[in-house]
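Visitor: Mind having a look at this structure? Questions to follow.
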Amino acid sequence: MDNHAAVREFDEERATAAIRELLIAVGEDPDREGLLETPARVARAYKETFAGLHEDPTTVLEKTFSEGHEELVLVREIPIYSMCEHHLVPFFGVAHIGYIPGKSGKVTGLSKLARLADMLAKRPQVQERLTSQIADALVEKLDAQAVAVVIEAEHLCMAMRGIRKPGAVTTTSAVRGGFKNNAASRAEVFSLIRGH
């Protein structure tokens, strides 16, 4: 699984200095009252926003339960927030994550699916990769026989710059195993994701 892990730890001092330089580059005075603490605040915000770079997302799936369950597990409407790696502006929306456990019947806690999505979203990211990384982690760590992940998100890089289309929603999906190979199963899980 390609996790795009960080090559070094977050350097808050360097990030603060870089934000100060950015303010100067756009024509602002970083020493005016309203901006005095902005570089440090932005650096702290980025430290949190990109925290997933410094974590192995598959660790959240290490705790499993042998339930003998061989049917669909689906968590819908998981809020996600990430940063577009092309423009470093947010994209946000919801993830729907479903899987059918492998023959072992091994399942993970429902909150772990949300944690996985959150951890992978907390890095410079593209929606397509995020969707695939979530699906691949479930196959890798749970040995799931079928996985479906759908993300619906609004990208501020499309809303506030360039084409300027606020409200446009991008939908991506990643299917693995039985959902990829069986059209009826895939149609069923997508119907459940849509809430029908």
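Yeah, the Cβs are placed from backbone N, Cα and C, and that goes for glycine too.
Sharing the feature lines straight out of Swiss-Prot:
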type	residues	note
BINDING	CYS84, HIS87, CYS157	Zn(2+) binding site
Visitor: Other than CYS84, HIS87, CYS157, which residues of the chain come within 8 Å of the Zn(2+) site, judged by Cβ distance to the Cβ centroid of those residues?
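Guide: Counting only non-site residues, the set is MET83, GLU85, HIS86, LEU88, VAL89, PHE91, HIS155, LEU156, MET158, ARG161.
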Visitor: I'd like the Cβ neighbour count for HIS87 (Zn(2+) binding site), meaning other Cβ atoms within 10 Å of its Cβ, all protein chains included.
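Guide: Taking every protein chain into account, the count is 16.
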Visitor: Taking 10 A as the limit, how many CB atoms besides its own sit near the CB of CYS84 (Zn(2+) binding site)?
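Guide: Around the Cβ of CYS84 (Zn(2+) binding site), 18 other Cβ atoms lie within 10 Å.
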Visitor: If you count Cβ atoms within 10 Å of the Cβ of CYS157 (Zn(2+) binding site), leaving out that atom itself, what do you get?
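Guide: The Cβ of CYS157 (Zn(2+) binding site) has 16 Cβ neighbours within 10 Å.
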